[in-house]
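Features as listed in TrEMBL:
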DOMAIN    B:3-116  domain 'Response regulatory'
MOD_RES   B:ASP52  4-aspartylphosphate
DNA_BIND  B:130-229  DNA-binding region
DOMAIN    B:130-229  domain 'OmpR/PhoB-type'
Amino acid sequence: MKRRPIPRGLRTRLVIAFLLVSAISALTTAALTYQQARTAILDRAQDGAVHDLRDQVGSLAPDLPARPTTADLRALTLQLDRAGGARNWHTAAALRGGPPVAATTGATAVPAALRRAAATADGAVVQRFHRDGDPRLAVALPVATADRPARPSGLVVYASFSLAPQQRDVSSLVAAARAGVVPVVLVSLVPALLAARRVLRPVRQLRSATEKMAAGALDTRIAVTGDDELADLGRTFNTMAATLQADATALRRMEAGARRFAADVSHEMRTPLAAMTAVTGVLDEDAASGRLDPETAEALTLVADETRHLARMVEDLMEISRFDAGAAVLHLDEIDVGELAGKTLALRHWQDRVEVSVPDGLRARLDPRRIDVVLANLLGNALRHGGSSVPVRLRARADEDALVLTVTDGGPGIPEELLPHVFDRFTKGDAARSRSEGSGLGLAIAAENARLHGGTLTAANAPGGGTVFTLTLPWNPA
Amino acid sequence: MTRVLLIEDDPAVRRGVSLGLRRRGHETEAVGTGEDGLEALGPFAPEIVLLDLMLPGMSGLEVCRRIRETSQVPLVILSARGDDIDVVVGLEAGADDYVVKPASGELIEARMRAVLRRVAPAQPAAAAREQHLTFGGLVIDGVGLQVRKDGRELVLAPSELKLLLFLSASPGQTFSRQQLLEQVWEHSYYGDARLVDACVMRLRSKIEDDPRSPRYVQTVRGFGYRFGPL
């Protein structure tokens, strides 16, 4: 698998999503609360200031002369400043658009926008602004004429004061919200992990079950609980596993049946063949005696030859059946490889036709009879199809972990499309090849023998032409 | 000409093998059951017995044991299955060799000949003629083909005697099982090495003081067997 292990990835993603949701909801709640509280705090400060200013102006303005001088205005602001109390505001007064007059020069800066707004307003106008990084609130209060309240007197009183205390209240709200969000997110980690675990347990079960199935344990089933989507998935998996198992069992039964049939047939054929084989010598002898009618003699030879062929084929079938039934047994012995190769050739009178190169004193632990079967088959094939340009070669070499035997010939090689099938049963090099040369099981048996040794047998075409069969046998067969 | 007792239950095989042997000039008595075979043993006095292991009634194995209780007649198993246990058990029960059916008349005859030869063909003639080789308590008479252990005559089956004669002719020399198969049984190099192992086991049980720690026929691990050194 190229991807990261699923449980960890999925769990991380689930937990992160869960945490995100809880963080977002906590933050939203905090933000809304903060917004509301901030507005409430500021509104109250503003309303209080306007109310106080109006009260003060209301009590002081009637004392002003009808046409107040700058000194009158300054006296008014001085009184207003004093009445500011805890709010500690700075006031200024302006007459008919004139410059604001304040008790302390430069202390009151009134934003120009507020002044413009106040000029046309009937009631109090407020504006928040910053000065020297300090949040402030400015209030402009047009003063009505004492006897005719509807008509503005042209006098506007300004007051501005610091919002720092309110700012501190708001800041502490932010701190409180922040202090609340982090623990909430941390605490929600616990339910997040629990939920992830709950979701992932069936997923993990499903995974290990799938792995077991892939490894061939088709009887794997999942314990399904609940009624959710994952339970559905588990049930579907179980159904699939049951179907697969049933199919595999049926297939295996059919295959076992076919193999047993082949074994039984060859077994049954052995007894009559034993009787016939015992008398082939008699047939040969009489056919060669010249005392019989030539056609009878030929018929006898044919019967004798084909009886021997049939016996060989049945032997091969029995051998394959033994491999299929797992009844083939390895009889290992310590063998001199050079001697073994020599005997294989001598037994078949191939000494002059095969070039052998085996290191002296090379010994290996193997089943000599089975390796003889393999070599005889490979060499026999090579001699039959190898052509005459290059002699058939048998080489042995000792690799680090295996004995490697190669058989090469100088023939036309094996067609590429046939190469993967040369070890299949009843595959023959080409259809035109005469059937009398083998049972069609020779290479299959050779490959099975190599496998029984824990080794391999492979076929390839040499770059310069010809076929190379490579038999690899581990030094310590299982 | 050899007198052959064939014990084989299948009539066709019985007829075929008998025919093949008769054509090669052997006198053959063929019976279908182990009981009949044991009965024929006395009157017919065969020089060799061919025995099928798959018999109705008394099993071939049992027949093999019964024959060995009273006689050291050469005994060759005719095995219907090359698989495998039966053959080993038969060899351990005292058979000298085996042939897997289907087998041609030539092959059966070659096996019979090999078992009937008293001395391995490749064995140096001089060594075989040596009178009374003595190894510890073991006295081997290569001419009279007798073996005495502490003065008592041992009863050895033909293959056991032949193996002992062959090994003791070159004391201390190691032979691989393949070599022994070729020399003593006249099988090919690729014959069944269990033949050797079974025979060595039987031989040890007769000549060794303690078959589990043999002195005469020793195992050379990874190579084969040798006689002595004592």
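Going from the start of the chain as shown, residues are counted 1 onward.
For all residues, glycine too, the Cβ spot is worked out from N, Cα and C.
Note that TrEMBL annotation is computational and uncurated.
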B:ASP52 (4-aspartylphosphate), Cβ-centred 10 Å count of other Cβ atoms over all protein chains shown, is 24
Within the predicted model, mean pLDDT of the domain 'Response regulatory' (B:3-116): 90
May I have the DSSP-based helix, strand and coil counts for the residues of the domain 'OmpR/PhoB-type' (B:130-229)? 33 helix, 23 strand, 44 coil
Mind checking how the domain 'Response regulatory' (B:3-116) divides into helix, strand and coil residues in DSSP? 55 helix, 24 strand, 35 coil
